[in-house]
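Participant: This is the structure I want to talk about, given as structure tokens.
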Ligand code: ATP
């Protein structure tokens, strides 16, 4: 469940809820009591025990109300007024004894509802599957070690670890905490952070006051904590109120809104046309009133694209599903439309453009530089000076600092091994690995290369407290107890930040004052590392920490420190990024790198991957810039370096104010506002925090920039496809209405029967339209500029197409009608017959003429579908579903024409070769007219 849904519960409901929950007493019991009841300890459960409990308690998730949805989808099919018009028509028909017509209409009603039902159901299934893909992970202690696993597998008794940015995975009683503050708005409606502590509280304490308990689906704002799970899934506090919160708002997509609006416009036009036809027919008096009624119904149903919203939803859902297979998980369907308009992508560097498998390569300590050998997470490696191994002594202090001021742990992680690349662990396969931030893992591994053992080191230097790393602080400090019993602080962070807090440096075991010269030399060294695209961190320690600050340290600890040196990490660019980047530039999308890293490193990485990297602005410069000045330059900046998360929001707003549609990536807690406000907010599936994920529209399951490019491509493709079938269906409908209207006005009576129109719209048009929803991307999809954000599905060009096609269809089909209805009335018919010696063997008749028009429409629509696709560079056989759909449509049409049941139901005459020839000639003329028209359109309109 998402915290987005908070809004659906009023404050009084929250208050009631808090009253109600007085029943559970986990907060007021001694921990020993809880351990005894849950048969656990601070060491957590054994894996086997947890498995057994999972069976007993069920998965840790709050069930959505399933079951009712099938019925709801079915009922929704009957919400369209047109279905009711058809039902009334069938009843009227049956009443006046036209049983065949009544049966056919009933059949069609059943078909429409089933068709709509299946589409909506499939769409819903896809959306559901997408929802299930966004798994939340939890860190838990099982079998005495840390594991990262799918949060739905948590059980009461598990010991869990939470830190800032996490969504608390279950209700849990705190065992330890450091500076922990939690936003409990999801539960209490009160969005002020609550500081947590471990003390036991009274039984009557209200939910909001139970400081020793953290609750499922609340958000860790700051700090970290360890806790024992007491309730999971439906038994959790949030689970019990889930029914109130579960109602996820099903907002309409902009597509759907546009389709709905369009439907209404068309309905208006149709009602007008129907009224005119009805009056005309009644005055001429040739047609019986019942037939007039049926004509009206037929036109109404045929002209209104009432199946369109369902087709749109389905193609969105299926498209989104395909995007998920390519690692872009769409959290909000409407975003697909915005994706096609993105013209700026603001991206993080670390992990998105780069691999984020970091390795320390160089260390500057003791005024010397050391090369570190070995690659990746392999713990074998040496420390070389001028190519000679030096041993570890020279770098021991800086490495110790790197391992102590570090939150990495060894543990296991459940991995997605079923090959579906969803990133969702659906097997029990596990991998022993490092759990934590890759920057810290690199430091951890570097220390291991020098023989430091994590457990031994932490035993010798137990941690007393921590001042967290945040992107804004750009540093982190931990306080430890030395083997002598004194508190000592270790700090690591951005070199300039660390250096600012040092007054001495450690040289060969003694403290030496940091002169201005030395500071400059260190900065030059930093730059030197950075120019080689290394990510550089500074290290320092403070041996004389006042005891009173040891356990609850604050920033006052972070001064008078002793500088230890620099470590430079290589974070190689992802190989696929260069390609993806040039693809985006080609598609008219500008790329802006926004990184917390230093300008020199950022520029080197930018150069390597082919970013323009010409204009680089630092966070500091940004802060000094006025809004006007920023607006002037923002479009030319390629890299923003040393930024804090709040800079992202400012950059975003400036770009948006300049009229850009911006996709913005983010991972940390503080990135959430920028991600939320971006036109397309992108979060990281692997590295990102839960909170940013909640704020985002798309999750990159592989954290990879190339996936953003694919998502944009996917978005453009879905949009194209929607536009294609909307164009196709509307122009077809327009043709039918114009044809019937013109025929009626010219006094020809009904040129095609309503039942035939229904058949075309629903079967021979409907099925191919649906398959166009899965058309492959256009050839030029990433060669054209982004679509202007205010450009809807229906462009001016499409409007002219609809009108043009309607006219052309009428021009080409009306002569066929007169030919087969009046025969000799049309000059040339006799000649054709005489010259070619063809005798159709049929007397001209209305049925025959209607059949030719009916079949003509079917053939024209097949020509039309290809003409539309041709503009997107798509050949006939590029979509096998379409080939099948067309084959099905043709087969059904032939069955209608040449079986006695078909003839009976649809009131058709079997066509002879000459009629097919007539239709063929008309289709060729139609195709020629269309291509001429396209040439004219090209003069006045954009390509699509
Ligand atoms: P990007 O914004 O592209 O992801 P980044 O990871 O460098 O890049 P931040 O996470 O904001 O951005 O980090 C900013 C700076 O803080 C880093 O350049 C580094 O110097 C420092 N830093 C990063 N991680 C840590 C950490 N775990 N502890 C201490 N300092 C860190």
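Keep in mind that glycine also has a Cβ here, set from the backbone N, Cα and C atoms.
Quick paste of what TrEMBL says about this protein:
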type	residues	note
DOMAIN	25-98	domain 'Cation-transporting P-type ATPase N-terminal'
TRANSMEM	78-96	transmembrane segment
TRANSMEM	102-118	transmembrane segment
TRANSMEM	265-284	transmembrane segment
TRANSMEM	798-822	transmembrane segment
TRANSMEM	848-869	transmembrane segment
TRANSMEM	881-901	transmembrane segment
TRANSMEM	913-934	transmembrane segment
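Are these features on the surface or tucked inside, and what touches them?
Facilitator: Helix first, then strand, then coil: DSSP counts for the domain 'Cation-transporting P-type ATPase N-terminal' (25-98) stand at 49 helix, 1 strand, 24 coil.
Sequence-distant neighbours of the transmembrane segment (102-118) (same chain, 6+ residues past either end, Cβ-Cβ under 8 Å): 73-74, 76-78, 83, 86-87, 89-91, 93-94, 307, 310, 755, 758-759, 762-763, 766, 905-906.
The list of residues near the transmembrane segment (798-822) in space but at least 6 beyond its ends in sequence, with Cβ under 8 angstroms from a Cβ of it, reads 723, 726-727, 730-732, 734-739, 742-743, 746, 748, 751, 829, 844-846, 848-850, 852-853, 856-857, 860, 864, 915, 918-919, 922-923, 925-926, 929-930, 933, 937, 941.
Remote same-chain partners of the transmembrane segment (881-901), defined as residues 6 or more beyond its termini with a Cβ less than 8 Å from a stretch Cβ, comprise 759, 763-765, 767-768, 770-772, 774-775, 851, 855, 858, 862, 865, 869, 908, 910-911.
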Participant: Are there residues at least six beyond either end of the transmembrane segment (913-934) with Cβ under 8 Å to its Cβ atoms? List them, or say none.
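Facilitator: The answer is 801, 804-805, 808-809, 811-813, 815-816, 819-820, 838-840, 848, 851-852, 855-856, 859-860, 863-864, 867, 871.
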Participant: Please average pLDDT over the domain 'Cation-transporting P-type ATPase N-terminal' (25-98) for the predicted structure.
Facilitator: 81
Participant: Given a Cβ distance threshold of under 8 angstroms, which distant residues of the chain, six or more beyond its ends, lie next to the transmembrane segment (848-869)?
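Facilitator: Result: 724, 727-728, 731-732, 735-736, 739, 750-753, 756, 759-760, 764-765, 768, 772, 775, 805, 809, 812-813, 816-821, 842, 876, 878, 882, 886, 889-890, 893, 897, 906-909, 911, 915, 918-920, 922-923, 926-927, 930-931, 934.
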